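Written below as structure tokens is the structure these notes are about.
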Amino acid sequence: MAETFDDFLPEALRFTSPAPLVDIGANLTHESFARDLPAVLARARAARVTTLILTGTDREHAEQAVAMCREHGDAGLSLHATAGVHPHDASRWDAELAAAMAALQRQPEVVAVGECGLDFNRNFSSPTDQQRAFEGQLAIAAESGKPLFLHERDAGRRLREMLHAWRDDIGDAVVHCFTADRETLFGYLDLDLHIGLTGWLCDERRGHHLRELVGEIPAERLMVETDCPYLLPRNLPAKLKGRRHEPALLPWIVREIAHWRGESEAALAKSTSATARRFFRLPAA
Ligand SMILES: [Zn+2]
């Protein structure tokens, strides 16, 4: 279905990907999308971002994401959800929540366990609580056979230790919004993990080191995401009303990553989509 852009995005921000894209991290249950979700989805279609994985960061958001998939998925847009408890909310983890999150994995819309992991940068939940909640979700991944959608900030070493202990029991796992250093990247690749890249490297202040690293990620391990509404690329060629990031802007990020990898935008669009389809076990496009 051909779709055209509405007036919300300025002309310079109406990107169309040369090949269909999968946005593996879209927080569309965020309140900032409540007012105009159908328009946001229509713009994603127009940009050829044809598959969205809606991030479920706690029980409530995961349930909302599942409902959103049922209501808004259609022939032109394939919607799927993840279901997990973010490390920020790890202190809420208990047996009842564990059972509810395991049950969510049985919904056909749910394609991964997560977002879960460790965040020792902010410690909104204590490191002990975070490790307990993550351990519980590793068990859910092992039992369900679903891939993991991981969040890590300043906790690369501990995350690797925990994944190492579980490596034979779990399947595929992606570290979403990778922003860490070379040693951490190679540690993840050694564990046969996948890497999710956002528009972080569009930020000339803090994404510099990533630009040199992105070429080291094998194509069959690399996927792309907006992490919207967060992480609006800083180098967009025009100003955006409200400064809220959205899936329609993913082609810009792909273009940037392709540039720093020294490959074409089309080649990267195709390889990241193929990797995402395999990773999340999505039906053929
Ligand atoms: Zn995250």
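The backbone N, Cα and C atoms fix where each Cβ goes, glycine too.
Keep in mind that TrEMBL annotations are predicted by a computer and have not been checked by a curator.
Per TrEMBL, the feature divalent metal cation 1 binding site maps to Glu115, Asp227. Same-chain residues at least 6 positions away in sequence with a Cβ under 8 Å from that of Asp227 (divalent metal cation 1 binding site) are, in sequence order, Gly25, Ala26, Asn27, Thr55, His176, Cys177, Thr198, Gly199, His245.
Here the Cβ of His176 (divalent metal cation 2 binding site) has 27 other Cβ atoms within 10 Å, regardless of which shown protein chain they belong to. As annotated by TrEMBL, divalent metal cation 2 binding site applies to His151, His176.
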Neighbour-count leader, CB within 10 A, binding-site residues: Glu115, His151: Glu115
Cα-Cα distance linking Glu115 (divalent metal cation 1 binding site) and His151 (divalent metal cation 2 binding site), given in Å to the nearest integer: 6
